[in-house]
């Protein structure tokens, strides 16, 4: 008789035996099964929710145990749709944690059907509201040494975890209480994204870095951020409080902290890291009073909470929520008088309908209809106000940007103007049309200042116009908010290290004009170039090794520098950053980044806004004509530009 060790999704811990089987035979069968399934038994981890069985992979000559699809919350369906997450019910059998979970409900990007450069960001599993699951990668040796069940601090065999120190890169690392844990939060504009994407595979990071890596799904779009509480009587506030996607993240992080020892990790040695909306999520989890102090080390890639796309007011979120209700034929006018009826209606609407209809409120480049909301609870105030009273003396931050943050979004929002493969010679009138569209919510004075700042005065005007718009988008929405926030973090006591990724990878499928795209650094930080089956150049493999090392060193020490390497802390007074590049001729340290351009956004433009507000008033005082006002602005910018040449950045 063949005996299979394959397990169903949940197996009972014991099965009733027929009374006619003699006890000696039972023992023989038990010993035989133990021998056959012994390897699989090593893959069972006792968590606080129940036992889970993963799978073993060998990477770079090292064994890693991988657990995918561990539920951390009840499926947020039916009455739980739009509500805060509820912890998963414990299970008693062994849970099969070898398959990928569903992706939270979202729409696919299909502007370029069949194009792999776009497809890598689309869901690679079925979409479902039942999506709140965790993934864990744990080095096998460390997990078997330190892994302890959540109920006793011991190994399954009853022995205490040993106190050996592991060696990494020749440096002794004190892992007596377990390994460091890195927790990844994916991006996608709070509208899309999935922890299951191939680019987020952490096999190499866990194996080479000798760290535990985890990731999880969280709700996006209206399912994660519908905010209606202010419109309803107080007793209905929990029907759609908003920010439940952030509450999902918080619950997953707490679950991982509670179960760190079970996987061989140290719950006091945790680092959050993420990119774009995932980076802003890291920011939110570090700063929110709900999770403050839960983790004190974070890596933020191309995204901070002060970015225009990364937060919205309660009023704006309510406006968008009411529009969605009406688009779903559930009558938002009844929210105050009959909220139960409205929410019952919204919970009866097909998930696909909500997923599609929510995009009706997309209002222009990087103006997504869902974002973290200033709700008075998870986010009590706007990000920079929260920063004013923050005490961050024990916090370590690694943050940065890529060189061409804006081109990806420019292409998608103005697809009728640009080609993904070839550069476009853009006439001045089209340039002005696009710039006025992007910055249409700014005052006229601000728009004129922005256009002046990003007008090319040399070279081929047509191609330069395209490049300058990309720079304006990248600076405004990503690099300069990051720059501003990094300075504020340092001022509040955090230890901040800043990087700037400038390498255009040889594997890029996008046109040369798009440069170093938003998200291009992810594969390098995850160590993908170390995978010899992938087509990277030798210098790129070295860069991948260096960048993975920076992540690991930061997770272990709070400082991304390698032994003997200089990487000073970043501050407003000394804005030193580290350049990740394959070009050995480039100095690794510089000042900025983009200090002059970011001074325009962070220091000068707010003054233009205040001046415009003064002149636009309808008081009896004399006002400056728009023409003189704009000439004055242009003159001031010119003076600033002249002064820049005497500064070192």
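Numbers run from 1 along the shown chain.
Placement of Cβ uses the backbone N, Cα and C atoms for every residue, glycine included.
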Going by Swiss-Prot alone, which of 531, 569 is annotated as N-linked glycosylation site?
531
Counting other Cβ atoms within 10 Å of each residue's Cβ, which of the disulfide-bonded residues 104, 131, 480 comes out lowest?
480
How many Å lie between the Cα of residue 330 (disulfide bond) and the Cα of residue 104 (disulfide bond)?
23
Integer Å distance between the CA atoms belonging to residue 480 (disulfide bond) and residue 518 (active site, charge relay system):
14
Among all protein chains shown, how many Cβ atoms are found within 10 Å of the Cβ of residue 569 (site 'Not glycosylated'), not counting that one?
14
Going by C-alpha positions, which of the recorded positions (331, 480, 531, 598) is nearest residue 405 (active site, charge relay system)?
480
Mind checking which of 126, 276, 331, 531 has the fewest other CB atoms within 10 A of its CB? They're the recorded positions.
126
Distance check, please: Cα of residue 331 (N-linked glycosylation site) against Cα of residue 345 (disulfide bond), rounded to an integer number of angstrom.
9
